[in-house]
Structure formats: C-alpha cells, structure tokens
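Asker: From TrEMBL, here are the annotated features:
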DOMAIN    27-71  domain 'Homeobox'
DNA_BIND  29-72  DNA-binding region
TRANSMEM  83-103  transmembrane segment
TRANSMEM  123-142  transmembrane segment
TRANSMEM  207-226  transmembrane segment
TRANSMEM  246-267  transmembrane segment
COMPBIAS  301-315  compositional bias 'Polar residues'
Amino acid sequence: RFIAKPCAINLGIQDSGPHRAQPNAILEKVFTSITKSPDAKRLEGLSKQLDWDVRKIQRWFRHRRNQDKPTTLTKFCESMWRFTFYLSIFFYGIRFLWTAPWFWDTRQCWYNYPFQPLTSRLYYYYILELAFYWSLMFSQFTDIKRKDFLIMFVHHLATIGLITFSYMNNMVRVGTLVLCLHDASDFLLEAAKLANYAKYQRVCDAFFMLFGVVFIVTRLGIYPFWILNTTLFESWELIGPYPSWWLFNGLLVTLQVLHIIWSYLIVRTASKALVRGKVSKDDRSDVESSSEEEDVTSNSTKGVFSTSSNGSNRLNGHVAGGQWTGE
C-alpha cells in the first residue's frame with residue numbers, strides 16, 4: 001500500500017480493471033444464484049426472455065466473470081511483495097549457510113544426529129519460511145483459480161509437511177539446504193512479472209529466461225544430485241534407516257515430481273516464444289479470460305509474457321504469460 005503502489009503509479013500502471021458488464025437484473029440473478037457459465041439450453045432460454053443474441057449473452061457472462069479479477073495495479077503490488085520476501089529470505093539463507101559446514105559437505109547433516117544444536121538464526125529462518133508457506137496455502141483459495149491449482153495445493157502441503165516434519169525431528173540442517181535451493185529462482189520469476197506489468201517486455205523476457213535456467217539447474221540438477229543424494233543414501237549410510245525415513249524422502253520425491261512438471265511447462269513456453277516470437281496463451285493461465293484480452297495479447301504482445309496476464313501466485317506457483325507464480 002505504501003511502497004508498491006507508489007512505485008506502480010510512477011511506472012504508469014493504472015488502477016483500471018477489465019471491461020464491466022452492463023447492468024442487467026435477470027442475468028445478474030442467474031450469475032449469482034444459479035451458474036456463472038450457463039449451458040447452451042439456458043443461454044437459449046435467456047436469449048428468448050431478453051430478446052438478446054446468444055453471443056451477446058455469452059459476452060455478458062464473460063465480462064461479468066472477468067470484472068471480479070484483480071487489476072494490474074493489484075497484481076503488481078502482490079508480485080512486489082513476493083519479490084521482496086523471496087529475495088530477502090534467499091540472501092538471508094545464503095549468508096547463514098555460507099558459514100555452515102553442512103553447506104559444503106552434506107554428510108555433516110547427519111553427524112551426531114539427532115543431537116544437533118538449534119541456533120537462533122536457524123530457528124528464525126525456519127519459522128519465517130513456514131509462516132510464508134502457510135500464508136500461500138490460505139491465499140490460494142482466495143486467489144483466481146488456475147489450471148495448476150491442484151499441483152500448487154499438493155506443493156504447499158508437501159512443503160509445509162517437510163518444514164514441520166524436519167523441524168520436529170531436528171533435521172533442520174538438510175532442511176535449510178532445501179529451503180535455500182527453492183528460493184534461488186522464485187525472486188527472478190516475480191521480477192519478470194513486475195517488468196511485465198510495467199510493460200518492459202525485453203527486461204521481462206530476460207528475467208524469465210534467467211528464471212527458467214536457474215529453475216531447471218537447481219530443481220532438476222542440484223536438487224536430485226545434492227539433496228536427494230544425501231537424504232536417500234548418505235543418511236542411510238551414516239545413521240541407518242530411521243523410522244521416518246520413508247515419509248521424509250517420500251515428501252522430497254513428491255517435490256521432485258512437481259519440479260519435473262513445472263520444468264516441462266517452462267521449456268514448452270520458452271520454446272513457443274523462440275519459435276513464434278510470442279506466446280498467446282499461458283499453459284497455466286486463468287480459467288477465464290475475456291475475448292478482448294485475448295485480442296490484445298495476440299496482436300500486441302511479443303516475448304514470453306502476456307500483458308493481459310494475472311500475476312497471482314503461487315509457482316506462489318510458475319510460468320509464462322506473466323502468470324507464473326511460485327512455489
């Protein structure tokens with residue numbers, strides 16, 4: 001409200017929403033009480049009742065659905081908040097882990113386990129991350145519904161479960177490695193969104209491409225060969241098959257499956273951008289988008305992101321059309 005909004009206004013971002021549907025008591029009653037997406041039979045009945053063309057009624061419902069979406073200014077403010085958090089927590093984690101012995105030798109995560117001290121810096125790092133992911137879990141139900149809603153819901157559950165479980169079992173050393181690794185790419189995605197909303201397309205594309213490279217390197221390279229290697233094999237070698245070994249590693253493997261899905265979507269979006277010079281539709285876009293928005297996107301948007309996108313979050317959760325959120 002006091003930082004992001006003035007920045008958005010200085011960048012020329014207007015607080016204007018999508019085209020509003022013209023007032024109509026009958027259609028409004030159907031929209032609020034019966035259905036937001038009427039089928040062909042109901043459309044035909046409304047057409048006869050109002051003496052309107054079916055296409056006009058469809059357009060009215062589309063506009064009515066879209067008018068509840070957040071404005072570009074709202075999306076900019078949300079992305080700026082996420083960018084600030086991700087960037088701050090990433091540098092806090094790097095600064096903390098740089099002097100930690102287990103950052104350079106993952107076997108240190110298991111020496112003297114479970115009798116490892118919990119320092120105040122480590123405690124605050126964990127609590128901040130846990131609080132943030134709980135906020136993402138709650139806000140997901142109030143944000144605009146996306147095609148990857150279920151994937152993001154599973155991701156947040158797995159993340160909260162891992163943070164809580166590792167804290168309760170004093171596996172915080174390896175937990176800090178997982179948290180820092182996941183934060184490495186998220187602030188780049190939010191930076192790409194900010195550039196997209198401000199209509200700095202080249203900056204947006206550059207940040208998105210950098211995000212894609214960092215995401216794939218960290219999630220498909222470092223994560224399985226560094227994190228999963230120590231939790232699956234080094235822990236088994238040093239402390240044996242502890243009772244919760246299967247649950248802990250099961251959650252970590254679940255995250256890896258989600259990483260593969262998101263990496264595929266990122267690569268597909270980047271490929272479209274390189275081949276066509278533009279992306280007309282995001283692979284995890286809003287469930288609803290207006291025809292006017294689609295026309296603007298297809299005619300004027302170059303690069304990876306679409307200016308008509310919604311920046312809700314959560315890859316909060318991830319990809320293009322300016323609509324990737326994180327994890």
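Cβ coordinates are placed from backbone N, Cα and C, and glycine is handled just like the others.
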Asker: How about long-range neighbours of the transmembrane segment (207-226): same chain, 6 or more residues beyond its ends, C-beta under 8 Å?
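Answerer: Same-chain residues near the transmembrane segment (207-226) but 6 or more away: 106, 177-178, 181-182, 184-185, 188-189, 191-192, 195, 255-256, 259-260, 262-263, 266-267, 270, 304-305, 318, 320.
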Asker: When the DNA-binding region (29-72) is classified with DSSP, how many of its residues are helical, how many are strand and how many are coil?
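Answerer: Helix, strand, coil within the DNA-binding region (29-72): 30 helix, 0 strand, 14 coil.
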Asker: Residues of the same chain, at least six outside the transmembrane segment (83-103), with any C-beta under 8 angstroms of its C-beta?
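Answerer: Distant contacts of the transmembrane segment (83-103): 109, 121-122, 125, 128-129, 132, 173-174, 176-177, 179-180, 183-184, 186-187, 190-191, 193-194.
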